[in-house]
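**Q** Just dropping this structure here.
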Amino acid sequence: MPSYSTVIHWFRRDLRLTDNTALHQAAQDAAQVIPVYILSDWQKRHAWTGSIRQQFLCGCLESLDKNLGALGSRLILRCGQADQELEKLIKETKAEAVYLNRDYDPYGRDMEKKVEEVCHRFGIPCLTYKDRVLHEPDEVLTGSGGPYRVYTPYSKNWLSLEKTAPQGKPTTLGKAPAKDLTSHPLPDLGHWKLEPTQASLPAPGERAARQRMKDFIESRTLNAYAQKRNIPAGVTTSRLGQDLRFGLISIRELYTRCSAATSAQSPSDDQKSVATYLKELAWREFYLAILWHYPEVFDEEFAPEFRGMPWPGSDEQFQVWKQGQTGFPIVDAGIRELLATGFMHNRVRMIVSMFLTKDLHCHWRLGESFFMQHLVDGENASNNGGWQWSAGTGADAAPYFRIQNPWIQTKTYDPEGTYIRQWVPELRGVSPERFTAPPKDGRSLAPGYPLPMVDHHEERDRTLAIFGKHRETK
Ligand SMILES: Cc1cc2nc3c(=O)[nH]c(=O)nc-3n(C[C@H](O)[C@H](O)[C@H](O)COP(=O)(O)OP(=O)(O)OC[C@H]3O[C@@H](n4cnc5c(N)ncnc54)[C@H](O)[C@@H]3O)c2cc1C
């Protein structure tokens, strides 16, 4: 017998039915589950919201509504502040409990507290679950019980912990929400007053994401991951960032299926690839844990010695970087890939971000914001972590004086120029060795393509001087 007649499941970053912890529990506990999503009423007030990710979200909500329809239910969409909207819904539906999966960023946490207060006022439980991660920030701690500040020991501990197995998907959510329960129409970009995007995005929704997960595991991409993951040309990584970001797939299912993809009898390269991939998944939870324990990283440098440091890069330089017109082919290719698809390969994210901060001396927060506006997998914690890592101010052992040379990075990771030629069409006829050093003759690589906007060696020295001087004053 169910414990409740009607409860609410509040969908947040868990836009799926399969292995959704809170939804699964709600379906077991109640005769009727009201599935709810609350659209933010953001109207260009936050610089991190952009057309690409919102377009993807619109598609995911449409798909979620269809999937709920197949269970005889429907998605109730509301718009506004989550606690206020849930309060109205509790009254309208006479819900006896609210179910949700926990979020770990400061905004998500704040809202959870407010929703808990609302439930408390109504005298009903607010039931929250671990779902978005394999291990919550407080489950992976140092021997003395504190948070890790560096990835490697964190990941060792993370990998050693027992992982929860995935569950299936509910077969029913009870009767559909009453017809007179109002729901906002499925949104389009107009809801946020955003312009349509020309970017070609991955297909949204749970079914498409599950197909991507299957393709990744069953194709050679997973087995070749250790060897190829740093090569930006072609599909060498899972491309599941947006699916984890929006919760279209469950991290438990991904982990379990990847782990099962090899056995002790598999070729050692395959085993190594799976192990490498699982370790990458730990980066995501590491940065979520950093944000949880040190929410100040949104406002300042993680490493205290670099707080208040000057970033003398100019706005003109930042604009050139944003347009992919720096004259550094690998950097321009990365920015253009991002603008065209909402994705940029991880190796190139590192090159591009280090170039902005170490060659152009622009503040990492400018790049952080630009990435968040355009990345379909834009994730506050990982993006902040990636940018601070590249800037040399972040939670990592990488010292600020390790500065990647974009020309050498090109030689190592795109020696044939395949990636560059794909994204910078004006360079298609140029031989690849010319992408691996500044032009010796001082002439542009192709008509209309700019000369390198700076000299990497000079800017590297300047970065070392800025960081060194700032450390002396601390
Ligand atoms: C400057 C910068 C900004 C970044 N911004 C984001 C971001 O907004 N959102 C985001 O998900 N990742 C971000 N990353 C990390 C990484 O680039 C992407 O996770 C990865 O490129 C996504 O592609 P994939 O799914 O094919 O990766 P895969 O290599 O297949 O990895 C699988 C999954 O593991 C996780 N992962 C892998 N590497 C990292 C990492 N270094 N940090 C955190 N998680 C990781 C992601 O969830 C990823 O989807 C950033 C990295 C840098 C250097």
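For all residues, glycine too, the Cβ spot is worked out from N, Cα and C.
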**Q** According to TrEMBL, TYR277, GLU280, LEU281, ALA282, TRP283, ARG284, GLU285, PHE286, TYR287 bind FAD; which of TYR225, TYR400 is also listed for that site?
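**A** When TrEMBL describes the FAD site, the candidate it includes is TYR225.
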**Q** Of GLU280, ARG284, PHE286, TRP364, TRP387, which recorded positions come close to ligand 1, meaning Cβ under 6 Å from one of its atoms?
**A** GLU280, ARG284, TRP387
**Q** Between TRP364 (site 'Electron transfer via tryptophanyl radical') and PHE286 (FAD binding site), what is the CA-CA distance rounded to a whole number of Å?
**A** 20
**Q** Provide the three-state DSSP residue tally for the domain 'Photolyase/cryptochrome alpha/beta' (5-134): helix first, then strand, then coil.
**A** 58 helix, 29 strand, 43 coil
**Q** Among the recorded positions listed here, TYR225, TRP311, TRP387, whose Cβ has the fewest other Cβ atoms inside 10 Å?
**A** TRP311
**Q** Roughly how many Å lie between the Cα atoms of ARG284 (FAD binding site) and TRP311 (site 'Electron transfer via tryptophanyl radical'), rounded to a whole value?
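**A** Rounded to the nearest whole number, the Cα-Cα distance is 27 Å.
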